[in-house]
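To start, the structure under review is shown below, and the notes come after it.
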């Protein structure tokens, strides 16, 4: 019973973000489709080879995607919304891009599909759309082509396929309502066809991802697994793959399935290995997800070995990453600016492959010397002064209930704010960022590289802020922003100015499509050595008589969009960040900034996957926000922003944030999200996003007016704000000006009645 290792997937963007650059070049019309496809082939070949060189036995194929893997699955099944279809019914890569972006180099523009978070990660997928009587057929053979590529290169491969029930679970019904689970029998023949094609190619194992099995699924969905997998059995061996949580609550459903193996996440789940071994059929393979695919920390391999060693030799066993390595940066070895001590604490995707090789070798030989050597830096870290700050720990321990309460209730504050700002009905604003032009990015890069001194850099940034203020005044917006020219990323910027964080040069991970983020890493206790945003906010406010919002990223979002420490709770990290940013709110207020936005787009995505675990998380998440904001005076208006969210199940907590104004992303869901606020009778002010900033399409005045009228049927007009869905950082100035001009015009039309 020789143990082998495998990964569930590998980062696809490339070490230098080659995929992003190729996509954006193609979208802009600067390269051909053939050139784009060639970059994909080159990256796949490189990544398979890198994994093999790092000691991986069985390589994942089908984990590559041109936008996201759920969208790839939609195309595989022929699930293309009517508005995105080619006239001749064919499907090509531009079809895929139209679903993701709303437009592509060919075909007519049409509203992009809805985008949402992949379980509780920072990765996104395009939500599959289902209509009554829908037909499915094998349409997009990317998976089969990539398997052929890998086999031609001589690799031992394991195709990766998103399972049918998880796929249906992730989608939404459009038009006439029906139970989307009823489509299961319609999509299974396509899965059967794909598995038959893989069998023809001599494939032994297929990784079929069913992460929905870690959720608290309705009984009807659990019941659907047995007949579905009865239909899929027999052509190849199926490794039923779960991740992000444990499977014990649904183990009875799982063990009844006609599959040949089960992958479990032993990092994020609480499954007991001995219990799993006892309950799984004896002829099943167990794939043990021991190496964290979602973080950057070096694994304590001695501990991982102890976790699994008792079942070695008792059943077929593979060792693996907990989930796809998609969520981790690619290679630590190219990081030249991290000091040796801190660098020794980390492992990126390729190093995690090496960890899997070390673990496999030790489990096969019984020799653990290499594991102890690998794990030594982890022991040293526990006592490092880089990690522990007694002053922060003391301040955290001294928090009282009073620290999370504003001085007065919303009604009292709203009156003070109305008297101070005298805003018109339907006040217009934006979410914070303006287009990050090539000039802005070059300016920041030159400064970072030392090619530009601090004075010239500051002059340049001041000029861009001035331009943003001039543009907004010209457009007639009511509440302005400084545009965030100095910020590369809403989380990275704050991390760079807080103690307790470190940064990488090339630690990119994919968020969606071509968007990549470089998350900060929380290595120790968090504190604020000096004001962060005050100087630029104060400068922007000096340029105009209109209020300029101070812009902060909230504590839960900084936590969720960073790689967190693993030695303290997420609650502890969030509250440390909240205390640091509380001081920033006080300093902004003292500098004359009267409106302060604390963005919490990640509040909902941080929810545990199981509803039974929600309350504890929401309690400390809300408390962290309130600690951050509660220092503000009555006439200081606190805004918050949230995106990609479904709120109906957490409305109590949204209201408990007690922000004076909340702006939300609603345009892609056609104001659907406002139902939650209406039913809950949300007491404070709200700005439902009136156009989708993820698409370059410019909305008409009529379209925006119609959305606002729809919103006013649910929320009293006197409590409505008018704003885009999200920040405008990724857009160009021409479409930004056009869209905002239409938005302001729509608000003015409504004021006139």
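Even glycines carry a Cβ here, placed using N, Cα and C.
Swiss-Prot lists 431, 432, 433, 484 as L-homocysteine-binding residues, and of the candidates 316, 587, 599 the one it assigns to that same site is 599. Take the 5-methyltetrahydropteroyltri-L-glutamate site that Swiss-Prot assigns to 17, 18, 19, 20, 117, 515, 516, 561: the candidate from 473, 600, 605 listed for it is 605. 665 is the residue from 623, 665, 702, 705 that Swiss-Prot records in the Zn(2+) site together with 641, 643, 726.
Minimal Cβ crowding within 10 Å, among the binding-site residues 516, 726, is found at 516. Residue 643 (Zn(2+) binding site) and residue 17 (5-methyltetrahydropteroyltri-L-glutamate binding site) are 25 Å apart (CA-CA, integer value). Across the fold, the C-alpha of residue 516 (5-methyltetrahydropteroyltri-L-glutamate binding site) and the C-alpha of residue 694 (active site, proton donor) stand 14 Å from each other. Of all the recorded positions in the record (19, 484, 694), the one with the smallest CA separation from residue 726 (Zn(2+) binding site) is 694.
Here the recorded positions are 641, 694, and the one ringed by the most other CB atoms within 10 angstroms is 641. Of all the binding-site residues given, namely 431, 433, 484, 599, those whose Cα is no farther than the 10 Å limit from the Cα of residue 641 (Zn(2+) binding site) are 431, 599. When the C-alpha distances from residue 117 (5-methyltetrahydropteroyltri-L-glutamate binding site) to the binding-site residues 431, 432, 643, 665 are tabulated, the minimum falls on 643. Long-range C-beta contacts of residue 599 (L-homocysteine binding site), restricted to its own chain and to partners at least six residues apart, with a cutoff below 8 Å, comprise 431, 432, 490, 551, 552, 553, 554, 557, 640, 641, 642.
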